[in-house]
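Written out below as structure tokens is the structure these notes cover.
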Amino acid sequence: MARTRRRSASLLPTLVIFALLLALGGTSHARILSRFVSDGVDADAESTSSIIRLPRGSIRAAEESCEQTYGFLPCTTTAFGNLFLILAYGFLMFKAATFLSSGSELLLEIMGPGIVGGLFLPILGALPDAMLILVSGLSGSKETAQSQVLIGMGLLAGSTVMLLTLLWGSCIVVGKCDLSDRNTSLDMQDTRGFDLFRSGVTTDIQTSDAAKIMGISILPFIVVQIPKVFHHANQRLGVLFALILSILLVISYCLYQVFQPWIQKRRLAYAKHKHVISGILRHAQIEAIGRLLDENGEPNRAVIHKLFKKIDLDRNDSLSRTELRAFIIGIKLEELDLDSDQEIDEAVDKVIDDFDSSGDYEINVDEFTKGISKYLIEAKRSVSNSGAYSSKFIHDFHSKTAQQHKQLSDGSDEVVESVENPTLMITKAVLLLVLGTAMAAIFADPLVDAVDNFSLATSIPSFFISFIAMPLATNSSEAVSAIIFARRKKQRTSSLTFSEIYGGVTMNNTLCLAVFLALVFVRGLTWDFTSEVLIILLVCVIMALFTSFRTTFPLWTCFIAYLLYPLSLLLVYILDFIFGWS
């Protein structure tokens, strides 16, 4: 009931703003709004001095030149009037994004991941941005569309850059915890203040995978720029190929999200198997059978043979399933919780599958030597900084596999909680989704018009207005949600936070770009966004490389993200207005 009251209360400011806009638009060409902004006084007090006064010719020009969206929403050509409209329509788009987010969360609570979480929710999350991009070049003449479509590109670039810079850096700051000696964050322990090197955030392995997927999602931007780089005459062909590629990437990403639980289980099984092998190596080290690597850093066959004989209880030069089972139980891998017979049998099956090359369900000494040698080489490569000839080498490998298993298992226990009256909850979720979708569709066009008119009134390029202001309207609810999760200061919630950020950028680079490319192709517009594409590529590549191959981010890393935001704006300004790229 508390949630219902909060959602009902959140509708009130939305209705108030909408009613105000209708009132302002009730007179022809928004005379109320124009006079309020232009004269700064009420009509009955024109004789008094005004705070802001423009000539009456300007008022008439504004009334004659501006065009009301849908024939009844207010419009004006004054700077302050359009600033007010940007704020009003921006707030309504923010509420649309909030309703979509709330409805998505409700639906996810009831139906869980899979089709809902993997297919519909990523699309719904990108819907406000996609709507704004679509309407930016959908109406008017081709010349008008070519001018206004820059607003859509500004939103696309601004959303991506904001998510990967300002929001990413802020989540590092609010989510930081003390870093342990093993360079991982300690949940809910933040005693070192703003120590740049000894405090930070640790995420799980799936988050790094999400960053890699984000890096792959920039491919359509590269494809669409190829004709421009090589000065090819037929640029529409590049737009078409990039459009097809972006659609394929959207489908692939949604399918990946749908089947991710299965991928998660397979990866968890592999991590468990890897930890069993590391336990075997550690056991050999503890029992002082001998050094597993010789002086040349190669697997020591004599010591591996000793380990084989230790496991081979019946001395028949072959390891049976029963012998392997007894040995694995004896290792006592507490991290894996191998208490149940099923868990133990699965571990034994994995070892046999990995080592038994002959297919006779038994492992001879040569098969055992090859299998152990393979994992020794992998262990040496994984923890090469520990020293291949020390006992620390095996210990560090075992610790690393334990940590990987923990990270994967922590992320795989998501369950759908039972809810009371699921029918009512589904109804609420659907209503919120319909309301959010309708608001995004209705107010996208007037917001684009207000940005375009504000650009004309102030001579500020529309790209910079949409780059800075519009992402605040469409991504604010996701940003607030991400920061709230990050403030819980746990590895698991931090992983969720950054995964959502990378997922949002991926949808921008695929779905929203597909909408933009379709608009350019269908309307026959010119692709002339080299500098804008460059900053998207620059930020995405830097952050993808930075986040794909590590899971711990000390506090100092936030400054890298923060600096990329002003540098992006400065780069576009230099390339467009000094070198004349666009």
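Using the three backbone atoms N, Cα and C, a Cβ is placed for every residue, glycine included.
From a predicted model like this one, the values you see are computed outputs, not experimental measurements.
These come from TrEMBL:
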SIGNAL    1-30  signal peptide
TRANSMEM  70-94  transmembrane segment
TRANSMEM  106-127  transmembrane segment
TRANSMEM  147-174  transmembrane segment
TRANSMEM  213-231  transmembrane segment
TRANSMEM  237-259  transmembrane segment
DOMAIN    299-334  domain 'EF-hand'
DOMAIN    343-378  domain 'EF-hand'
TRANSMEM  429-448  transmembrane segment
TRANSMEM  460-486  transmembrane segment
TRANSMEM  507-527  transmembrane segment
TRANSMEM  533-553  transmembrane segment
TRANSMEM  560-581  transmembrane segment
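Residue counts for the domain 'EF-hand' (343-378) by DSSP state, with H, G and I taken as helix and E and B as strand, are 27 helix, 2 strand, 7 coil.
The average pLDDT computed over the domain 'EF-hand' (343-378) stands at 79. Cβ atoms under 8 Å from those of the domain 'EF-hand' (343-378) belong to residues 269, 272-274, 276-278, 280-281, 292-293, 299, 301, 304-305, 307-308, 317-321, 324-325, 328-329, 336-337 of the same chain, restricted to positions at least 6 beyond its ends. Contact between the transmembrane segment (70-94) and the transmembrane segment (237-259) is not supported, since fewer than 3 Cβ pairs fall under 8 Å when only residues 6 or more apart in sequence are counted. Residues 129, 132-134, 136-137, 140, 200-201, 448, 451-452, 461-468, 470-472, 474-475, 479, 482-483, 486-487, 494, 497-498, 501, 504-505, 508-509, 512-513, 516, 519-520, 525, 529, 532, 535-536, 539-540, 543, 553, 555, 557-562, 564-565, 568 of the same chain sit 6 or more residues outside the transmembrane segment (147-174) yet have a Cβ under 8 Å from a Cβ within it.
Highest Cβ pair count under 8 Å relative to the transmembrane segment (213-231), across stretches 429-448, 507-527, 533-553, 560-581: 533-553. In summary, the transmembrane segment (560-581) does not lie against the transmembrane segment (429-448): fewer than three C-beta pairs, each 6 or more positions apart in sequence, are under 8 Å. Note on the transmembrane segment (533-553): residues 156-157, 160-161, 164-165, 168, 172, 179, 183-185, 200-205, 207-208, 211-212, 214-215, 217-218, 221-222, 224-225, 407, 498, 502, 505, 509, 560-561, 564, 568, 571-572, 575 of its chain, located 6 or more positions outside it, place their CB under 8 angstroms from a CB of the stretch.
Secondary structure by DSSP for the domain 'EF-hand' (299-334): 23 helix, 3 strand, 10 coil.
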